[in-house]
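Per TrEMBL, the features are as follows:
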{"type": "DOMAIN", "residues": "1-128", "note": "domain 'SAM-dependent MTase TRM10-type'"}
Amino acid sequence: STSPCLVFQMDTTPESYLDLFPLDAIVYLTPDSENVLEDIDPNKVYVLGGLVDESIHKKLTLQRAQEQSLQTARLPIREYMVKAANAKNYHSETLAINQVFEVLSTYYETRSWPAALKAGISSGKGYVLPDAVK
């Protein structure tokens, strides 16, 4: 048997999301937000910000969202995952855009944050689900 496959349509435009959607519908996802994303609202538009180097631009995505008067949220990594012991004591909630998309699409399909976070977040980020800790 084959598992069902989600198909996504992508449109590109030179226009800004600020011009395409009402401000109160936009949620800017940033690991620096104090607001936890608890569920996906189909009436909202989620913006996945992208940075090349997380070490240089701390809180840049949060500042950008605040300058644009947008709601912000972060993935519930701390709420469902635990820090794994590792040699470099490295733990990061900053994810690549494809990882965030994988988390969101898996959550939308399963309605399970543990399943979604497991699917999208590699162990190299230093976080694991509690049942993975031995």
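Glycine is no exception: its Cβ is also placed from the backbone N, Cα and C atoms.
What you see is a predicted model, and the numbers here were worked out from it, not measured in a lab.
Look at the domain 'SAM-dependent MTase TRM10-type' (1-128): DSSP puts its residues at 44 helix, 17 strand, 67 coil. In the predicted model, the domain 'SAM-dependent MTase TRM10-type' (1-128) shows an average pLDDT of 88.
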